[in-house]
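Visitor: Pulled from Swiss-Prot, these are the listed features:
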- Cys23: active site, proton acceptor (ACT_SITE)
- His68: active site, charge relay system (ACT_SITE)
- Glu130: active site, charge relay system (ACT_SITE)
- His14, His27, His29: Zn(2+) binding site (BINDING)
Amino acid sequence: MIKCTRRINFDAGHRIIGHKNKCQFLHGHHYVLEITIAANKTDTLGMVIDFGLIKNLAKKWIDANFDHNLILHQDDKEMGQQIENYTRQKIYYMRNNPTAENIATHLKNEIFPKLFVSQNFFVTSLKLYETQNCFVEV
């Protein structure tokens, strides 16, 4: 198996409903997302996937939905709507708390399978860095 990884950076805010410490408050991170795609063999050009294709598909989705936006739990809709009305900022709602674990799982299981439709390669893992020192891998 051959693997290729592409890194994408984005900035987003979130909060964790029910957290007992400072993560219960709105705050932001400079996220780094590493997308690893694998194939059993390369294509006729000798590639698993063109790195530009990963960038075009994944970064386009990230920029449209996460970058410089708020990622909130759907139970935070009332607050999100007030923020959106005041700032015109886009809010991305998730079915669960927007922890690094849940964001990475959401991307890997729900978003990227729709973006990377191919029988020749597949997303094997995602690493999502919330800080330089803290990341999750799914």
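Every residue number used here counts from 1 along the chain in the order it is shown.
Using the three backbone atoms N, Cα and C, a Cβ is placed for every residue, glycine included.
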Visitor: If you count Cβ atoms within 10 Å of the Cβ of the residue listed as 'active site, proton acceptor', leaving out that atom itself, what do you get?
Guide: 15
Visitor: Restricting to the same chain and to sequence separations of six or more, state which residues have a Cβ under 8 Å from that of His68 (active site, charge relay system).
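Guide: Residues satisfying the criterion: Phe10, Asp11, Ala12, Gln89.
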Visitor: What is the separation, in Å, between the Cα atoms of His29 (Zn(2+) binding site) and Glu130 (active site, charge relay system)?
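Guide: Rounded to the nearest whole number, the Cα-Cα distance is 6 Å.
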Visitor: Given the Zn(2+) site residues His14, His27, His29, which other residues of that chain have a Cβ within 8 Å of the mean position of their Cβ atoms, reported in sequence order?
Guide: Ala12, Gly13, Arg15, Cys23, Leu26, Gly28, Ile71, Glu130
Visitor: Which whole-number value in Å describes the distance between the Cα atoms of His27 (Zn(2+) binding site) and Glu130 (active site, charge relay system)?
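Guide: Computed Cα spacing between His27 (Zn(2+) binding site) and Glu130 (active site, charge relay system) is 12 Å.
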